[in-house]
Amino acid sequence: MKIGVIGSGSFGTALGSLLADKGYEVTLWCRNDSQIESINRNHINNKHLPDFTLPEKLTASKDLRTVVQGKDMIVSSPPSHALTEILREIKEYLPEKVPIVSASKGIENGTLRLVSEIFESELPGKYHSYLSYLSGPSFAKEIIQKVPTIVSIASRSETTARKVQEIFSFLYFRTYWTPDVIGVEVGGSLKNVIALAAGVSDGLGFGQNTRAALITRGLNEITKIGLKLGADPMTFLGPSGMGDLILTCCGGQSRNRTVGFRLGKGETLEQILSGMNEVAEGIKTTQSAYELSQKLGIEMAITNEVYKMLYEDKNPKEVVKDLMKRDLKREGVLV
């Protein structure tokens, strides 16, 4: 089996490494010449994962057509804000009747489209039943280190979901399939917003009580907007919901939590982003999530406060104070 992976960041590389580890021939799309040379000659992604040796069956190419054309499966893992442009470029030579697996997380700025809506808008209908979406608690470095990991595979086609499930499942990588595309996407996108808040809390020196509160109320917000969009509430108790939320809010490898932590320590967003090698999706997603909550008429207190902190320069200490001063609520209802 020949597989093309679009995106050479840490997660795309990790998924490509997993698939190559299973014996598949994997071609990774990279824009950077030195990165391509490093992967092909030394089997190291020198830009994103310099400490890990990649399988020999994983190679890299700058030619997007070469990566995509004639492959038996496509894995798409670019930042969500770059997805529309990439799909418009590849659709003329995208193979038909092969699984297309998206691992991108986010809500498109401006259009407020989920990743699945971008795929279904940009690709002809003949591709739609072959689309699937991978999400769950999975740091790239730990996948490469072969740490036992679980994720969700969502597709509106059970045939596609089960096929992708079989292709990805391995000794250290277990997959669960679900038809709930919306739930998997909402959980995978909005957990990054909550992780920013959790990072701020840690940066301000608050304890684990506060982090647990943010995770709990954050899950409430994710579930509310998910239900409004038609998701199955049980999805948010699975790998792509609670699982990913806990990992992203607590794990030291979380880029979004790290951005929040540094904001809590007093750095500006501009200072933080200037030194980052990878995208923290939660920054752009916060804007889209805020606008979507306003459009749908849903109260999302944590999301609103993170938005004010990122885009209106609100002091992180004031964010926490205002969250704690909110009107008292009844537990057990999505409010």
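Cβ coordinates are placed from backbone N, Cα and C, and glycine is handled just like the others.
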Recorded sn-glycerol 3-phosphate site member, picked from LYS57, LYS191, LYS308, LYS314, that accompanies LYS105, GLY136, SER138, ASP244, SER254, ARG255, ASN256 in Swiss-Prot: LYS191
Per-residue Cβ crowding (10 Å cut-off), top of binding-site residues SER254, ASN256: ASN256
Secondary structure at ASN256 (sn-glycerol 3-phosphate binding site), reduced by DSSP to three states: helix
ASN256 (sn-glycerol 3-phosphate binding site) and SER10 (NADPH binding site), distance between Cα atoms, whole Å: 14
Sparsest-packed among the binding-site residues, when each Cβ's other Cβ atoms within 10 Å are tallied, from LYS105, LYS191: LYS105
Largest tally of Cβ atoms lying within 10 Å of a Cβ, found at which of the binding-site residues ARG31, ARG255: ARG255
Long-range Cβ environment of SER138 (sn-glycerol 3-phosphate binding site), under 8 Å and at least 6 residues apart: PHE11, ALA14, THR149, VAL151, ASP244, LEU247
Distance from SER254 (sn-glycerol 3-phosphate binding site) back to ALA140 (NADPH binding site), taken between C-alpha atoms, in Å: 10
